[in-house]
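As written in TrEMBL, here are the features:
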ACT_SITE  H206  active site, proton acceptor
BINDING   D164, G214, Y369  substrate binding site
BINDING   D241, H243, D330  divalent metal cation binding site
COMPBIAS  31-41  compositional bias 'Pro residues'
COMPBIAS  467-483  compositional bias 'Basic and acidic residues'
COMPBIAS  484-499  compositional bias 'Acidic residues'
DOMAIN    93-383  domain 'Histone deacetylase'
REGION    1-49  region 'Disordered'
REGION    449-499  region 'Disordered'
Amino acid sequence: MILTVHAGPECSPESSPRSVFPFLLTHDRPQLPPPPPPPPSRTRCRLPRRPPFSAASACRGRRLLESEVMLEKDRISYFYDGDVGNVYFGPNHPMKPHRLCMTHHLVLSYELHKKMEIYRPHKAYPTELAQFHSADYVEFLHRITPDTQHLYASELTRYNLGEDCPVFDDLFEFCQIYAGGTLDAARRLNHKTCDIAINWAGGLHHAKKCEASGFCYINDLVLGILELLKYHARVLYIDIDVHHGDGVEEAFYFTDRVMTVSFHKYGDMFFPGTGDIKDIGDREGKYYAINIPLKDGIDDTSFTRLFKTIIAKVVETYLPGAIVLQCGADSLARDRLGCFNLSIEGHAECVKFVKKFKIPLLVTGGGGYTKENVARCWAVETGVLLDTELPNEIPDNEYIKYFGPDYTLKVPNLNMDNLNSKTYLSSIKVQVMESLRAIQHAPGVQMQEVPPDFYVPDFDEDELDPDERVDQHTQDKQVHRDDEYYEGDNDNDHDDGGH
């Protein structure tokens with residue numbers, strides 16, 4: 001069987017890369033491959049095959065009862081590089097990477113670092129990024145700078161860089177760091193050196209093969225899933241961002257090796273405008289794309305009930321070997337760009353539910369534009385993954401003043417109507433269950449030699465004491481901009497000049 005990674009309609013033939021997975025990368029920075037001959041509108045790529053699951057491994061894939069959950073603690077790997085939080089998208093742009101620094105300092109202040117392995121990710125090589133993205137697009141991101149962008153007007157249009165996806169200082173390094181974190185997380189899962197891997201900097205699910213989209217430049221999720229597919233016959237992707245996970249769905253729309261499940265706002269011209277319940281995949285991938293289109297104001301009870309029902313049936317039917325969970329925090333109440341009414345507890349309940357399946361799990365961040373609430377959410381969910389309940393009162397840390405005036409983890413819900421009626425949610429559930437019934441059995445694949453990793457992490461870091469490892473990360477330089485943090489609910493950048 002050949003896995004098809006869909007290039008998407010935006011990808012012109014001359015900009016499409018050659019088939020992915022040449023597996024010829026050395027540790028030296030590689031040169032990008034020469035332009036290939038024009039391929040069709042989608043790229044066919046051979047991936048390593050794994051045998052169908054044994055009865056024992058299939059048992060792991062079904063839903064576990066509460067009494068069946070194993071008592072031993074999961075081994076957690078956590079990836080963080082302080083440089084990723086120093087990036088500045090520009091004044092008035094809603095994406096604030098400093099939310100990652102805030103999250104990390106909450107993790108430290110709650111002493112969660114003592115319960116997991118903390119690693120600095122490698123910076124993904126251009127050839128690694130080109131395993132999904134077109135080589136010319138990767139090369140352009142590598143080359144473009146704020147000082148030279150005026151020379152590339154046509155390329156900026158072609159690759160969709162502009163107001164939503166601006167060119168800023170260290171753009172390519174930013175992409176390398178967050179993509180490297182997701183790749184490293186996938187590889188540690190593949191090598192069974194952890195059970196759960198966390199990269200809050202990742203989860204940029206809108207990027208396409210040949211263009212940026214929705215604040216996303218490189219789709220680290222697709223790259224991570226491709227890495228997991230080297231060792232796992234089937235990978236389940238779950239997305240709880242308020243925006244549809246269009247880039248990931250599009251990449252795997254024609255294959256049954258990946259099932260994508262996205263819970264998102266749909267309609268009213270809401271970005272990105274995709275994710276209709278009727279979009280179910282095509283060809284070999286028919287029924288392997290599941291979309292749950294929701295309306296404004298969905299609350300904890302409605303969301304978690306629907307989530308648990310659908311995900312339990314998905315896991316029971318699909319029997320994934322690994323799960324990727326995108327935890328976009330813009331589905332929280334009070335998000336600048338969101339329209340749902342989830343509390344942090346409701347959002348985290350989804351993470352807790354997926355964790356209970358005891359399937360190798362890669363957890364990423366995603367959207368989230370009220371920074372202090374994003375940090376609260378991802379710190380709480382780090383605790384959930386560590387089976388650690390965090391005290392509501394936030395300990396003192398470098399960013400404590402931004403969690404005022406009450407300095408607690410809880411975020412109150414909004415007083416807003418839930419436009420998702422019981423009848424509407426029931427109809428969604430019925431349609432999803434019908435699609436799952438169309439899948440007669442979990443797809444199997446033939447055995448094939450597993451290619452080597454592009455980058456082999458330095459696992460000697462395992463020998464370090466966790467406190468010593470985190471020391472390296474707390475020394476990461478922190479760049480604070482005057483217009484990056486502000487008090488009050490009006491989340492607008494400002495400086496003394498009023499810009």
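Cβ coordinates are placed from backbone N, Cα and C, and glycine is handled just like the others.
Any TrEMBL annotation is an automated prediction that lacks curation.
Averaged over the domain 'Histone deacetylase' (93-383), the predicted model has a pLDDT of 98. Other Cβ atoms within 10 Å of the Cβ of H243 (divalent metal cation binding site), summed over all protein chains shown, number 27. Spatial neighbours are here defined as Cα atoms within 10 angstroms of one another, and by that definition the neighbours of D330 (divalent metal cation binding site) among the recorded positions D164, H206, Y369 are Y369.
Recorded residues D164 (substrate binding site) and H206 (active site, proton acceptor) have their alpha carbons 12 Å apart, per Cα-Cα distance.
In this view, H206 (active site, proton acceptor) is surrounded by 28 other Cβ atoms within 10 Å of its Cβ, with every protein chain counted. The separation of Y369 (substrate binding site) from D241 (divalent metal cation binding site), Cα to Cα, is 12 Å. Excluding the listed site residues D241, H243, D330, the same chain places V242, H264, K265, G328, S331, L337, G338, G366, G367, G368 with Cβ atoms within 8 Å of the centre of the divalent metal cation site Cβ atoms. Across the structure, H243 (divalent metal cation binding site) and Y369 (substrate binding site) are spaced 12 Å apart at their Cα atoms.
Of the residues the record lists as binding substrate, namely D164, G214, Y369, the two whose Cα atoms sit farthest apart are 14 Å from each other.
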